[in-house]
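Record features, source TrEMBL:
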DOMAIN    23-288  domain 'NADH:quinone oxidoreductase/Mrp antiporter transmembrane'
TRANSMEM  60-81  transmembrane segment
TRANSMEM  93-115  transmembrane segment
TRANSMEM  152-171  transmembrane segment
TRANSMEM  178-196  transmembrane segment
TRANSMEM  202-219  transmembrane segment
TRANSMEM  240-257  transmembrane segment
TRANSMEM  277-294  transmembrane segment
DOMAIN    290-343  domain 'NADH dehydrogenase subunit 2 C-terminal'
TRANSMEM  322-343  transmembrane segment
Amino acid sequence: MNPYVLTTLILSLGLGTTLTFASSHWLLAWMGLEINTMAIIPLMAQQHHPRATEATTKYFLTQATAAAMILFASTMNAWTMGDWNINQISHPLATTTVTLALALKIGLAPMHFWLPEVLQGLSLTTGLVLSTWQKLAPFALILQISQNTNPALLTTLGVMSALVGGWGGLNQTQLRKLLAYSSIAHLGWMIIILQFMPALTLLNLTIYITMTSTMFLSLKIMASTKINSLALAWPKTPTLTTLIMLSLLSLGGLPPLTGFMPKWLILQELTKQDLPITATIMAMSALLSLFFYLRLCYTTTLTTFPNTNNTTSPWRLKSTQITLPLTITIILTLMLLPITPAITTMF
């Protein structure tokens with residue numbers, strides 16, 4: 001892609017998200033979301049491959065539907081209540097429609113069907129942008145309207161997303177689809193706590209972006225898109241393979257690692273809010289997700305993919321170096337748990 005075009009598209013991505021962050025008017029927020037969508041579509045389709053084109057088309061249709069729902073709901077709210085302010089949306093039907101539209105935009109269950117298919121058709125770099133940056137603008141709107149949203153709707157979306165994210169990833173062999181279901185499960189954890197502690201949702205989103213960035217950047221260095229390619233990773237980069245295994249366990253939420261922190265705090269808050277059944281379902285759904293993370297760890301470290309002895313050793317082909325952004329995200333993914341009290345005080 002032409003460097004000038006690429007720069008324009010990346011700047012447009014930043015502009016769209018910033019515009020949505022800064023707006024208090026529904027039309028401006030909608031405009032930011034549209035700029036965001038229009039900017040990433042050429043990046044998704046730049047491979048000129050049928051799978052990439054298919055993924056781009058699915059993404060465009062989904063996002064256009066969600067944007068139309070947002071515009072319809074905000075217009076209906078302005079028509080009935082006379083207010084375009086994002087914080088002041090009060091009509092019950094408009095609030096529910098906007099919430100469902102934003103859930104469709106970020107891929108919450110039961111509006112999640114597009115996310116694994118789209119992510120599977122993209123390169124790892126574009127998939128990273130889709131899984132992290134593209135979630136920021138809709139989340140800013142969800143945070144602003146969360147106090148006016150029906151609590152039962154948020155709870156239902158959160159529990160369904162956690163369960164679907166766990167069940168859906170069990171029978172996958174493609175790493176990008178696994179990361180898509182992982183994204184759905186993590187979004188469920190963020191939404192379930194939104195009505196009680198929005199700051200905890202922000203903390204969870206920050207940690208999720210850090211852990212997902214670690215996985216995408218690591219897989220990009222190793223050029224791995226399937227589970228069986230991870231079995232050949234040890235001869236190439238033993239250090240990075242070990243770090244990937246620990247990052248997977250952090251994504252699953254095992255205690256000594258950073259990923260345990262948001263799950264721990266969310267379960268604690270749900271218990272304080274006298275919702276033991278909801279907390280139990282969320283904890284059990286985390287076990288489903290942990291199962292396929294452990295399967296990936298097992299494949300990465302304890303198995304050798306069958307190959308003949310006369311093949312060229314993978315480590316002879318090219319040297320791989322761990323870059324500075326990956327180093328920072330790995331450290332954050334693995335080592336933040338001891339400073340949990342300081343982070344919770346800050347948030």
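Glycine residues also receive a Cβ, built from the backbone N, Cα and C atoms like all the rest.
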Query: So which of 178-196, 202-219, 240-257, 277-294, 322-343 is most in touch with the transmembrane segment (93-115), counting Cβ pairs under 8 Å?
result: 178-196
Message: What residues elsewhere in the chain lie close to the transmembrane segment (178-196), defined as a C-beta under 8 angstroms and at least 6 residues from its ends?
response: 103, 106-109, 112, 115-116, 119-120, 127, 131, 135, 139, 142-143, 146-147, 149, 151, 154-155, 157-166, 168-169, 172, 204-205, 208, 212, 215-216, 227, 251, 262-263, 266, 269-270, 273, 278, 282, 285-286, 289, 292-293, 296
Query: Relative to the transmembrane segment (322-343), which of 152-171, 240-257, 277-294 accounts for the most Cβ pairs at distances under 8 Å?
result: 240-257
